[in-house]
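Feature annotation from Swiss-Prot assigns anthranilate 1 binding site to 88. If you look up Swiss-Prot, you'll see 88, 91-92, 96, 98-101, 116-124, 128 marked as 5-phospho-alpha-D-ribose 1-diphosphate binding site, on the strength of sequence analysis. Annotation source Swiss-Prot lists Mg(2+) 1 binding site at 100, 234. Look at Swiss-Prot and you will find 174 tagged as anthranilate 2 binding site, backed by sequence analysis. The feature Mg(2+) 2 binding site is assigned by Swiss-Prot to 233, 234.
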C-alpha cells in the first residue's frame, strides 16, 4: 500500500505496541534515521525494544539489513567464487571456544575463500576479534588490505566496528539495554565483502526460518542457517542441528545429526572456555590435529562451510575435505599466513 507521508518514529513505536508490522519502505526510513544519528536515544531505545517484544518480521529485518549495508564500509573482493562467511549471532550463552574462527582456517585450506565478519564478545568469554588478536592477527586493517588477505591467504577478518561506523549511534543504547535486539540478528546479514555464500549460526530455533528467508531476499546464493538443539549457534556435536538451506533460490529445512557423519556425540561442556587465551589454546590444538570433541566440531562446521561455499557438493564431502586440511597441516599454515600478511600490511 502506498504511503503519502514518511512514518515518524512515534508512529513506528505505536505500531510495535499494537503488534503491527512496519512496512518495508517505512522500515528503510526509520533505520536511516537510526543509522544517521537523527533519532533521539530515548526513541531509539523504545523502538528497538518494541520491535523485540512484537517480534521482528522477515520484512523488517530485511529492510534494516539493507540500510546497514548502505551505511557500511565495504571490502571489494574481485572474485566471489567460493567466497563464504562463517558467522554466528552469538548470544547463545554456551561459552565455547571460537569454533567458527577455527573453522575458517580449515575451510580456507580446503579451497574456500572466507570473509569473516565478527566483533568482540557479546555474551561469550571470547569473541572472534578477541581470539584473533590473541593469535597475533591485526584486526584493524584498511578494506583494500583485507581484500588482499582474502585473495592471498584465502581468509580475511572484518572487524565489525570498523565496517559499520554508523553503529556508534546505537552501541551505547545496546550496551545499556543489555538485552538482545534486532542488531544481534543484523550483524550476520551485513557482511562487508558481500559474501554470496554463508554458514550462519543462530541462538534460537525460530531464527532459522527467519534468517534464511532474510538471506534469500537479500540476494544470497548458497546459505545454511543452523541451530544446535542443545542451544549452540553452530552445527552441534551434542544434539541434532536444525538447518535452513537456501540453494538455487529454493529453501529447504531439515535436521542433521552428528551420527549422520559418523561423529561421536559429545557435550559442548568439553568445549567451554573462560578467556580468549584458553580459546586460543583450544583452537591451536585443533589446528595441530589433536583428536577430541573440539576437532570434531570444527570438522563438522568447516565441512558445512565448504558445502555452503560450493567447494564440496555435500556436507559429507565437505567433512572429508576439512579432515584432510587438518591432517595435512594446511589449515595451520593458513593461520601462520594470515598472521604474517596482517602484520606486513599493518606495518
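Backbone N, Cα and C define each Cβ position, glycine as well.
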Rounded distance in angstrom between the Cα atoms of residue 88 (anthranilate 1 binding site) and residue 96 (5-phospho-alpha-D-ribose 1-diphosphate binding site): 12
Residue pair residue 117 (5-phospho-alpha-D-ribose 1-diphosphate binding site), residue 233 (Mg(2+) 2 binding site) - Cα distance, angstrom, rounded: 15
Spatially closest candidate among 96, 100, 174, the listed binding-site residues, to residue 234 (Mg(2+) 1 binding site) (Cα to Cα): 100
Cα separation, residue 233 (Mg(2+) 2 binding site) to residue 96 (5-phospho-alpha-D-ribose 1-diphosphate binding site) (Å, whole number): 10
Protein Cβ atoms within 10 Å of residue 117 (5-phospho-alpha-D-ribose 1-diphosphate binding site), excluding its own: 26
Cα separation, residue 120 (5-phospho-alpha-D-ribose 1-diphosphate binding site) to residue 233 (Mg(2+) 2 binding site) (Å, whole number): 16
Residue 174 (anthranilate 2 binding site) and residue 100 (5-phospho-alpha-D-ribose 1-diphosphate binding site), distance between Cα atoms, whole Å: 24
Whole-number Å value for how far residue 120 (5-phospho-alpha-D-ribose 1-diphosphate binding site) lies from the residue listed as 'anthranilate 2 binding site' (Cα to Cα): 14
For residue 120 (5-phospho-alpha-D-ribose 1-diphosphate binding site), nearby residues of its own chain (Cβ under 8 Å, 6 or more apart in sequence): 127, 129, 130
Cβ neighbour count within 10 Å of residue 96 (5-phospho-alpha-D-ribose 1-diphosphate binding site): 24
Cβ-Cβ neighbours of residue 88 (anthranilate 1 binding site) (radius 10 Å): 27
Local Cβ density at the residue listed as 'anthranilate 2 binding site' - other Cβ atoms counted within 10 Å: 18
